[in-house]
Amino acid sequence: MVDTSVELNGIKFQNPVIPASGTFGYGYEFAHWYDINCLGAICIKGTTKEPRFGNDCPRIAEGPSGILNAVGLENPGIHKVLDEELPKLRHIYHQPIIANISGFSKDEYVYCCAKADESPLVDIIEVNISCPNVHNGGMSFGTSPESAGEITKAVKTIVHNKPVYIKLSPNAMDIAAIAKSCEEAGADGISLINTFLAMRIDIKKKKPILANVTGGLSGPAVFPIALRMVWQVYEAVRIPIIGIGGISTADDVIEMMLAGATAVQVGAANLKNPYACKKIIEDLPSAMERYGIKSLKSIIGGGH
Amino acid sequence: MVDTSVELNGIKFQNPVIPASGTFGYGYEFAHWYDINCLGAICIKGTTKEPRFGNDCPRIAEGPSGILNAVGLENPGIHKVLDEELPKLRHIYHQPIIANISGFSKDEYVYCCAKADESPLVDIIEVNISCPNVHNGGMSFGTSPESAGEITKAVKTIVHNKPVYIKLSPNAMDIAAIAKSCEEAGADGISLINTFLAMRIDIKKKKPILANVTGGLSGPAVFPIALRMVWQVYEAVRIPIIGIGGISTADDVIEMMLAGATAVQVGAANLKNPYACKKIIEDLPSAMERYGIKSLKSIIGGGH
Amino acid sequence: MKKELFEIISNDIAAENIFKMELSGDTSAITAPGQFINIELQGYFLRRPFSVCDWEDYKLTIYYKVVGKGTAEMSCMKPCESLDVLIGLGNGYNLAASGDRPLLIGGGAGIPPLFGLAKRLIEERKQPEVILGFNTYMEMFLVEEFQNLGIKTTITTADGSHGTKGFVTDAMADKNYSYIYTCGPEAMLKAVYEKSISSGEFSFEERMGCGFGACMGCTCRTKYGNKRICKDGPVLRKEEIIW
Amino acid sequence: MKKELFEIISNDIAAENIFKMELSGDTSAITAPGQFINIELQGYFLRRPFSVCDWEDYKLTIYYKVVGKGTAEMSCMKPCESLDVLIGLGNGYNLAASGDRPLLIGGGAGIPPLFGLAKRLIEERKQPEVILGFNTYMEMFLVEEFQNLGIKTTITTADGSHGTKGFVTDAMADKNYSYIYTCGPEAMLKAVYEKSISSGEFSFEERMGCGFGACMGCTCRTKYGNKRICKDGPVLRKEEIIW
Ligand SMILES: Cc1cc2nc3c(=O)[nH]c(=O)nc-3n(C[C@H](O)[C@H](O)[C@H](O)COP(=O)(O)OP(=O)(O)OC[C@H]3O[C@@H](n4cnc5c(N)ncnc54)[C@H](O)[C@@H]3O)c2cc1C
Ligand SMILES: Cc1cc2nc3c(=O)[nH]c(=O)nc-3n(C[C@H](O)[C@H](O)[C@H](O)COP(=O)(O)OP(=O)(O)OC[C@H]3O[C@@H](n4cnc5c(N)ncnc54)[C@H](O)[C@@H]3O)c2cc1C
Ligand SMILES: Cc1cc2nc3c(=O)[nH]c(=O)nc-3n(C[C@H](O)[C@H](O)[C@H](O)COP(=O)(O)O)c2cc1C
Ligand SMILES: Cc1cc2nc3c(=O)[nH]c(=O)nc-3n(C[C@H](O)[C@H](O)[C@H](O)COP(=O)(O)O)c2cc1C
Ligand code: FES
Ligand code: FES
């Protein structure tokens, strides 16, 4: 029997596979497809202080091996998420819950993180300083070491009970420096990556496809870049990394962990195949046997 | 009859399709496959002052819809390129030639550009400040507006006869600012993008596949990001743009031109299909008719 | 909602740029006409959504217009090839609201779901009537099938090459109806909305990330809050629509 | 070098994890044994290179080992499917250098090109002899075919389950030969290089971007300058190799 379990900041995960924020609703919707208790954890849709409609449609476009989205953080606001959505999820689901917190100002991050810290339904707080789809929004915090460190520090000052992960943007020059700055400011872990700023043009209409003009690219197309970033961040920090970007098979999970991830998130793959996470989890043991891996924990950073 | 011709800095191209540096050897090798005089222009392999072996093998890996390369600027040095390779090309080829100049120091760029400026076989000089595959190499010049501007200024001081294009790296945070800085320093045009720093790990061996550990990702996977960068740079500068990144069909060419490119380069697609450029050129007229485009020139930036 | 493998039974041209595809597989997830399926195509990251035109046990029919690369590729598929399909997506039309004389209005590639709807309305002993709008004669499809149901079928073509010259709304004026069911391009939906004298249901299209409610890729504003076209739609009631 | 469509004639298992694939199509671009083809696989960006094992007009054979996703997918392909292939790639072995009694040494997935070579050497009235190295009995393939050529065929297996126990080099000691042709894993090539008493030719593998000399993805150092494995190789002469 192989051992798929991993541990993040003292919290045990039965396996490292976590559906990524924004691609899995509030989790309970997927209970229609399968028993979501097989997941390592669930990361919920990005949450802001106030309810947000998000961007106009079209919000979705396609690229080779990838999807562009410009959802723009549609969500019912932190209060409704904590009071209505998470109880619905917790009712049927008994593994860790990661709250993904987004915002437009330091104050907003702090406010929402404080609320999430109080909630008994949240196990880990993931601070999304990397959303490319809102103007004057999160991404600008995530593209310089200084601002990333500043948000981290502010959040860490008020969060007392839960690990704080900072989710980084790949639209940055030196991802390792940003991660290091977050670590120094007290982050308990790093999630990377969010999506790449990208666009498509409708040739017939000669106009951008997305109403927002640009959107975020994710999916298998970005896997080799995400892997490189996880590799670099692993060499720069000592806190755990959640590897994200283009993961769609058990082999991808293993490759990402060899690069340095302690756990992984699966985003776009859920949209193409609602069973994606379940299938990856089911495929993990046989993949591990194929490569002679007894315990997933033992391979973290093993490619270095 | 549709008109596929475009013009860059007064030089007329019969069509906008240019094989990208590093994916087409010195051009004459492709004469085996087809008459290369159908091309808009040819951009030759990156050239340095001294001959370079490049990196150890493996230099190539694969990603979804893309290729990773870590060739590391293998080339016989600027003298041999100008004295031996280009004459062989010119012997059979009568369209414009773009020399791609790489380097490890400002002096090296200046030296090579001066040589290329003197050569009657070079029509346009493309300064590659964006190669991710050499240590202490070009890419660092291409990731900040200041250093990009500095190289541009130095090169423009000694190049008197030919347009100078600066080839930018996508591994930068604010591509528009870098392009603007190049324009202000006197660049005659911008080429973008080079490859994304990326990697793959061999799960069986638990080691990076590339001997160089990281390599540059290109191919269809990066097209939506390249398109966005061309779009942003088009809004920031007035000099012409050569759009590069993941182009493999006539539709891609049109989309890239709508984003703001005056011409395009085709890289990875040549490696998968040696006829790629020829096929794109042959497909252009019918694609133009399908979308009601009479003259390609007229659609440059037409998506804005 | 289910994920199922379907096998292509037939895939033939039905009109200019319009193909009819019959698929065999488990259709038990379909609960109402107006629902759609989401088809995985090799080489494309996103699935492609198509309305179910008609279905029975182990068989369903779609009609699709070739508009881009994915549909062009579909048009080359051969019988016996299999497709990975999400089925039973969306809310579908509410038959109970129809009244006795519902009017069905379809435009172009929006016509298919109205056929399955018409059949089921007839089964429920209603007397549906249908207006079908096309650009031109060459693009007409499904007309005979509607006529074979024995219901009144009015055709409009934009260029007048068949039936009434003009738009579907031009054929609405003299109709007497209890309820409207419609599907077609957004401009048509809006025109029908404005012209209609009864309540009704309108089926929308949007670019989709998932098709089953997970990604918020298709959200629109309604008078009763945000709705996901893929899950809370594609059918919206007239009363809730905000244009 | 040509780009051609080939059709799969057969695709059958030949040994554990080893498949034999016969293809029909224009083989006129092949000029020497030891050349390779580069096959496009749907869903993969890079082509996959395989040595031509044998060929005649309009037919060629390859043997491939399933080592990753691409070869796993190939193993599921069916007769009549067509493949986009670059053919006539690489230099191939130089028959003229063989002398009268060339020794052919192949290891595992490196064995196939030696078969086409052996046939042509025989046609030129040489007396080739062959040593084939495998890990184990279950992975043996092409052995009968070599024997049917009527040439002396020595087998080694690493686990001793068939033939001589050990490596190909263990079977070289008592041989008398004019020239060596070899293909196999790099460790084997090096061992053969060190043990060989004659001149010879060594066929190398490298990960390839193009396979036809355009990308410098496969360059190695030789005593006579840089060489691209795909174009100036895959066969290098003993005298030029730098380990
Ligand atoms: C609920 C629903 C039901 C539909 N039913 C039908 C039907 O019965 N018959 C029919 O012909 N068409 C129908 N469509 C439209 C059909 O989905 C698109 O024409 C098709 O996806 C185009 O794919 P493509 O690859 O050829 O086009 P491309 O333009 O190459 O596709 C690129 C991307 O845009 C998306 N896209 C393009 N056009 C549309 C569109 N109009 N709506 C949604 N996504 C789009 C594609 O799905 C794909 O993700 C329906 C759409 C929806 C949302
Ligand atoms: C000139 C030449 C001739 C060859 N002849 C044969 C043959 O006759 N029979 C045979 O079984 N194998 C042969 N190989 C090896 C064969 O090309 C690889 O086993 C195959 O490409 C693996 O593909 P994959 O998708 O299964 O592996 P993956 O590991 O999933 O492939 C990922 C990438 O790595 C490349 N790659 C992986 N292993 C190798 C390798 N050993 N050499 C080159 N590229 C590799 C693949 O082409 C692909 O680009 C030859 C290789 C070369 C260079
Ligand atoms: C439709 C969609 C919505 C997303 N919404 C969020 C979000 O609200 N918050 C967030 O941090 N990331 C969001 N992301 C980014 C993903 O969580 C993930 O970081 C990214 O998609 C890369 O993973 P992938 O390649 O597996 O999709 C979203 C991605 C998609 C595709
Ligand atoms: C094998 C290979 C070698 C390359 N060598 C160079 C080079 O020497 N100089 C350069 O400026 N760009 C080089 N590039 C980058 C390409 O010119 C191009 O910018 C990039 O590949 C993006 O285009 P594509 O997606 O069409 O491949 C190389 C790319 C590849 C794949
Ligand atoms: S398409 Fe994903 S929620 Fe509608
Ligand atoms: S693989 Fe491209 S030069 Fe050899």
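The backbone N, Cα and C atoms fix where each Cβ goes, glycine too.
Feature annotations, reproduced from TrEMBL:
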- C:R48, C:P49, C:F50, C:S51, C:G70, C:T71: FAD binding site (BINDING)
- C:104-192: domain 'Oxidoreductase FAD/NAD(P)-binding' (DOMAIN)
- C:C210, C:C215, C:C218, C:C230: [2Fe-2S] cluster binding site (BINDING)
Close-lying binding-site residues around ligand 1 among C:R48, C:G70, C:T71, C:C210, C:C215, where CB distance stays under 6 Å: C:R48, C:G70, C:T71
Secondary structure content, the domain 'Oxidoreductase FAD/NAD(P)-binding' (C:104-192) (per DSSP, counts of residues): 35 helix, 22 strand, 32 coil
Nearest of the binding-site residues (C:P49, C:G70, C:T71) to C:C230 ([2Fe-2S] cluster binding site), judged by Cα-Cα distance: C:P49
8 Å Cβ shell about C:R48, C:P49, C:F50, C:S51, C:G70, C:T71 centroid, FAD site members excluded: C:N38, C:I39, C:I62, C:Y64, C:M74
Listed binding-site residues adjacent to ligand 5, that is, members of C:P49, C:C210, C:C218, C:C230 whose C-beta is under 6 A away: C:C210, C:C218, C:C230
Fewest Cβ neighbours within 10 Å, where candidates are the binding-site residues C:P49, C:G70: C:G70
Three-class DSSP secondary structure - C:F50 (FAD binding site): strand
Long-range Cβ environment of C:C218 ([2Fe-2S] cluster binding site), under 8 Å and at least 6 residues apart: C:E206, C:R207, C:M208, C:G209, C:R228, C:I229, C:C230, C:G233
C:C215 ([2Fe-2S] cluster binding site) versus C:P49 (FAD binding site) - Cα distance in angstrom: 15
Listed binding-site residues (C:S51, C:T71), ranked by Cβ neighbours within 10 Å, top entry: C:S51
Assigned element (helix, strand, coil) containing C:G70 (FAD binding site), judged by DSSP: helix
Binding-site residues among C:P49, C:G70, C:T71, C:C210, C:C215, C:C218 whose Cβ lies under 8 Å from any chain A Cβ: C:C210, C:C215, C:C218
Annotated binding-site residues C:R48, C:F50, C:G70, C:T71, C:C218, filtered by Cβ under 6 Å to ligand 3: none
C:C210 ([2Fe-2S] cluster binding site) in three-state DSSP notation: coil
Cβ-based isolation winner (fewest other Cβ atoms within 10 Å) among the binding-site residues C:R48, C:F50: C:R48
Where the record names C:R48, C:P49, C:F50, C:S51, C:G70, C:T71 as binding FAD, the maximum Cα to Cα distance in Å: 16
For C:C210 ([2Fe-2S] cluster binding site): intrachain residues, at least 6 apart, with Cβ closer than 8 Å: C:G217, C:C230
